[in-house]
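A.B. asks: Have a look at this one.
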Amino acid sequence: MKIGIIGAMEPEVAHLIASLENPVVSQIAGIEFTQGELNGKQVIVTRSGIGKVAAALATTLLIDKFAPDYVINTGSAGGFVDSLTIGDVVIGSEVRYHDVDVTAFGYEIGQMAQQPAAFVCDAHLVEAAKNAVAKLGEVKTVAGLICTGDSFICDPVRTAKMQADFPTMAACEMEGAAIGQVCHQFATPFVVIRSLSDNANNDSPVDFESYLVKAGHHSALMVMALIEGL
């Protein structure tokens with residue numbers, strides 16, 4: 001079994017890379033790929049860079065060059081669930097874009113033309129992620145909708161609009177749906193696991209800087225426990 005892991009920033013992948021046995025680092029198009037073994041499985045940890053285009057490029061290269069059986073997206077997110085706090089985890093049941101609007105042509109809000117409205121995370125991986133969280137027992141978690149866009153959300157007006165458009169949204173971030181779209185087109189099973197670094201409000205920039213490392217560590221622990229259970 002070969003598993004690809006994608007995180008946007010160094011703090012989101014550092015713990016995973018440090019845990020690899022026999023790591024081998026390569027770069028393609030400025031994107032860093034670290035191959036190694038984790039819990040007896042072949043793993044490729046990918047630091048994609050921030051945003052949808054960077055994530056799509058990294059995912060395409062990961063699948064094309066390394067052919068993983070599964071793709072796991074890990075990292076931080078802004079939370080939209082009242083019962084969760086910074087450091088808690090959202091497991092994506094599906095991912096959508098919050099900044100796409102081609103409704104003039106009959107598509108749903110957030111649906112890219114000629115694409116499904118949502119990119120559904122693999123049920124086996126979602127269940128494995130839930131089991132991993134239960135095994136660790138360190139943080140609260142929910143499984144639900146994660147929305148993606150090329151903006152850091154800290155404006156109450158924008159937050160309210162997103163909640164109106166996607167009332168079941170559990171978290172927002174900047175890569176997951178792009179990764180989901182590429183995996184969909186390659187027919188590669190995927191899941192998105194995000195630890196909350198902020199609550200998508202006026203305090204988000206301060207919270208994000210303060211809690212990014214904590215969120216990245218929590219998310220990495222979930223990923224490692226998930227891989228152990230596969």
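A Cβ is built for glycine as well, from the same backbone N, Cα and C atoms used for every other residue.
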A.B. asks: Among ILE44, ILE109, ILE146, ILE153, which is the one Swiss-Prot gives for the substrate site where GLY78, MET174, GLU175 also bind?
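C.D. replies: Same substrate site in Swiss-Prot: ILE153.
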A.B. asks: Which of the three DSSP-derived classes (helix, strand, coil) applies to GLU12 (active site, proton acceptor)?
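C.D. replies: The residue in question, GLU12 (active site, proton acceptor), is helix (DSSP, three-state).
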A.B. asks: Please report the Cα separation of ILE153 (substrate binding site) and GLU12 (active site, proton acceptor) in Å, rounded to an integer.
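C.D. replies: If we compare the Cα positions of ILE153 (substrate binding site) and GLU12 (active site, proton acceptor), the gap is 19 Å.
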A.B. asks: How far apart, in angstrom, are the most distant Cα atoms among the substrate-binding residues GLY78, ILE153, MET174, GLU175?
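C.D. replies: Site span for substrate, by Cα atoms: 13 Å.
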A.B. asks: Between MET174 (substrate binding site) and GLU12 (active site, proton acceptor), what is the CA-CA distance rounded to a whole number of Å?
C.D. replies: 13
